[in-house]
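The next block holds one structure in the form of structure tokens; read it before the comments.
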Amino acid sequence: MNYLVMISLALLIAGVDSARDAYIAKNDNCVYECFQDSYCNDLCTKNGAKSGTCDWIGTYGDACLCYALPDNVPIKLSGECHR
């Protein structure tokens with residue numbers, strides 16, 4: 001029983017970091033357009049993702065898709081781009 005309490009406390013203290021696979025977005029809900037995977041990989045990793053790729057002819061056109069992107073980085077939400 002004591003072990004269960006200690007493990008629970010350790011998890012609460014450590015916190016849980018989550019990440020998501022998503023299209024990285026600018027503050028105006030516009031995606032980053034791309035032509036090369038290397039551009040997206042650099043952009044995504046600089047923002048804390050594990051990696052990134054250029055998703056050609058995807059949902060949002062040619063846009064950067066990041067893998068394991070932290071929750072504090074903006075992603076493309078449904079709705080229009082507000083340029």
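Using the three backbone atoms N, Cα and C, a Cβ is placed for every residue, glycine included.
The signal peptide annotation in Swiss-Prot covers 1-18, and the record cites similarity to another entry as its basis.
The domain 'LCN-type CS-alpha/beta' feature in Swiss-Prot is assigned to 20-82; the stated evidence is sequence analysis. Residue counts for the domain 'LCN-type CS-alpha/beta' (20-82) by DSSP state, with H, G and I taken as helix and E and B as strand, are 10 helix, 27 strand, 26 coil.
The disulfide bond feature in Swiss-Prot is assigned to C30-C81 (among others). In sequence order, D28, N29, C30, V31 make up the list of same-chain residues 6 or more apart from C81 (disulfide bond) whose Cβ falls under 8 Å from its Cβ.
Taken from Swiss-Prot, the feature disulfide bond applies to C34-C54 (among others). Its own atom aside, the Cβ of C54 (disulfide bond) has 20 Cβ atoms within 10 angstroms in the protein chains shown.
Taking the Cβ of C64 (disulfide bond) as reference, residues of its chain lying under 8 Å away and at least six apart in sequence are, in sequence order, Y23, I24, V31, Y32, E33, C34, Y39, C40, L43, C44, G52, T53, C54, D55. The disulfide bond annotation in Swiss-Prot covers C40-C64 (among others).
Here Swiss-Prot flags C44-C66 (among others) as disulfide bond.
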For a quick check of understanding: among the disulfide-bonded residues C30, C34, C66, which residue's Cβ has the most other Cβ atoms within 10 Å?
C66
Determine the mean pLDDT over the domain 'LCN-type CS-alpha/beta' (20-82), rounding to the nearest whole number.
97
